[in-house]
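S.K.: I have a structure I would like to understand better, so I am pasting it below and will then ask my questions one at a time.
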Amino acid sequence: MDEGRLKKISGCTTSGGGGGYDGDDDTVWECVIPYVEDPLDRGAVSLVCKRWYEIDAITRKHVTMALCYTAPPWRLSRRFPQLESLKLKGKPRAAMFNLIPEDWGGYVAPWVEEIVRSFGRMKVLHFRRMIVKDSDLQLLAASFGEVLEVLRLDKCSGFSTDGLLHITRSCRNLRSLFLEESSITENDGQWLHVLAQNNKVLESLNFYMTELMQVSSSDLEMIARNCPSLTTMKISDCDISDLVGFFKAATSLEEFCGGSFSDPPGQVGEVVYNEQLERYGGAAFPPKLCRLALTYLGNTDMPILYPIASRLKRLDLLYALLDTEGHCLLLQRCPNLEILETRNVIGDRGVEVLAEFCKRMKRLRIERGADEQDIEDVEGVVTQRGLTALAQGCLEIEYIAIYVSDITNASLESFGTHSKNLRDFRLRRKGKMEIGLLIANPGPARTAAFMGGAAVSRSKFPQFLHKHRSSSLKAQASSHQSLSSNWDVSNYNSNLNAQASSNHGPSSNCDVSNYAAPSWMPRFEELDTTNMLLRQRIIFLGTQVDDMSADFIISQLLLLDSEDNNKDIKLFINSPGGSVTAGMGIYDAMKLCKCDVSTICVGIAASMGAFILAAGTKGKRLCMPNARVMIHQPHGAAGGKLIETVIRANEMCYHKVKINKILSRITGKPEQQIKLDTDCDNFMDAWEAKAYGLVDEIINDGKPGLVAPIGDLSPPPKIFTLPLWKFEIGDEVENNLPSEEKLLQNGLVGESIGTEEKSIDTEEKNIGTEEKEKAPIL
């Protein structure tokens, strides 16, 4: 911990209605707050007072950013200067399904530069769905060669084995290297060989589900011999027969994924069976192995698993080629199994065997199997029969995600009756989905369920919810249609509420007001107005220009520009203005964008709002016919010591000169005229703003396609109203002032400022001669 920073914290005082803390209190909190690890609790702590905020800043060791565009890198280093662990997420989850382009964004380069510059003790780096270049890995290796302990490139792309070579050559204290599901360009296998030679402390190596094929079994064996603490190894396809030496050397290995069997399980026969036993019989797994995932495992290969089956706690059979019978033979030998992932080829019979022999089961995931008829087993369906057996047999189950072919109310009641620890319940119907029900209960005892396309009556489903004390219910129309049409559920919600009320009365827990969707489903917040406009490359500034709104606008500008810098960005403005520095930030971001930024004024663009309006791309600055534009000089307040007041005044003068110079360049008017025109509030209509050079066009003919055509629209006349409230008048005169209607009827509100003198009606006779002399000449 930085002692200088802590002394500064201890010396600060707390102002406000309550009393401050003394130095002893600071010492206590400096010792306590570092032990608060939950991010939400940490955030709450930082909001208590400035002192706790600073303690949190210098003691926070780990930060997770769910989107790398939420804040610039420099702000992270300024807020948390002592970070040792950082997790960054780039592309949204849709990138996993190829729904967004590869060059959408999520580049890690600016973050790596800031990490190298500001965080000298960075030990853990986790990049997820980001574009990582070989140069980024080279920079990390050169800067953190002796410090970096964990590097996770989760579903990343853009790098090759040359970049990995820099990491393995320089980072000799690396304990974990994670590359699962990353897109890696393979040049050679030298990176693995160097890792085997240099590293002595490796605990986890994962390049599962990658296309790294030039993997030498001798290098894996060397890693196992040189790294006695190796507990996890997940590799790409490598024949199990080549890993005999590795399994013998990896005495501490607890988890292994990858490996494959050469012969497909379809070639079943006594000769093939004996050949498989002879080939793989020598592959003895390490004594501590308890988590296993094998590729292309067939019925003839299962005997090599029997010796370790009794100690397996996690088994992944998603890429195994077992039939229903194979699942039954293997699962009945796994009494300690807690986590199982497989395909629905397991069938009802396999699930019944699981419920009978695997009583410690906590997490079960059954994915949809292959569509090929020669692979799909005839028994490969899961129905209410298997679900009922699972509920009655696996009483400790916490998580269920299953593709089902049929389901009844009785099976749901079984889960409500027996599965007291169930927290996450997901059912999907095999085939085209129809209507789904999604429930969630926020809080420590969270229970979530998703049911897609299952024939379950709504009258029975609340019984399941009541037994799990869930408090919210939401309907989801889920078909193969457009995103917007999938979420039109307003009518269904009302029917659902009515059904729940009829079954359970007004106090039913089946309330659709709250909603919490699992991460793998489209969320309602994805369809809010801001995001829908963003998809059309439209940004709306509808508030005051402050730091928060400016950050939001800047992030959207950068996002749209990085997505496609050949298409225009439309920035709609309805703002009364605000902070000069925040507005300058938006101005700089607009100029930084490679694409054109079209500004459109709706309502009013005043002060910095008018400045941003004028800053749009020339020829693409538009104004609605009823909009108003107002420019004036910046204003502010200064107080405190004399020197501080002078500094603030100079700063305001600087902003004034800067804004005038920019407006002069934008409008083509002399700077002196800009200075005179902005001395006080200068309101303009759309035509005056166009004549002044703040906008280029007025939307009055419908050509831009933003409003309906308006015909025969001429500029409105200038209005001048008698400012009676500015005069010093007596009570008698004030009581006899003409009404606004009289003023309009008798011409006191004229067509322009330079009109002829107007006579006043008979009510003016009540005003004395002295008062008439004070009245202005119109």
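Glycine is treated like the rest: Cβ placed from N, Cα and C.
Annotation comment: TrEMBL describes 26-62 as domain 'COI1 F-box'. Here TrEMBL flags 81-127 as domain 'Transport inhibitor response 1'. Taken from TrEMBL, the feature active site covers SER607, HIS632. Positions annotated as region 'Disordered' by TrEMBL: 753-778. Per TrEMBL, compositional bias 'Basic and acidic residues' is recorded for 755-778.
Help me understand the surroundings of these features in the structure.
M.R.: Predicted-model confidence for the domain 'COI1 F-box' (26-62) is 85, expressed as mean pLDDT.
According to DSSP, SER607 (active site) sits in a coil region rather than a helix or strand.
With a 10 A radius on its CB, HIS632 (active site) counts 16 other CB atoms from all the protein chains.
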S.K.: List the same-chain residues at least 6 positions away in sequence whose Cβ sits under 8 Å from the Cβ of SER607 (active site), in sequence order, or say none.
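M.R.: In sequence order, VAL545, PRO576, GLY577, GLY578, MET630, ILE631, HIS632, PRO634 meet the Cβ cut-off.
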S.K.: Work out, from DSSP, the number of helix, strand and coil residues along the domain 'COI1 F-box' (26-62).
M.R.: 28 helix, 1 strand, 8 coil
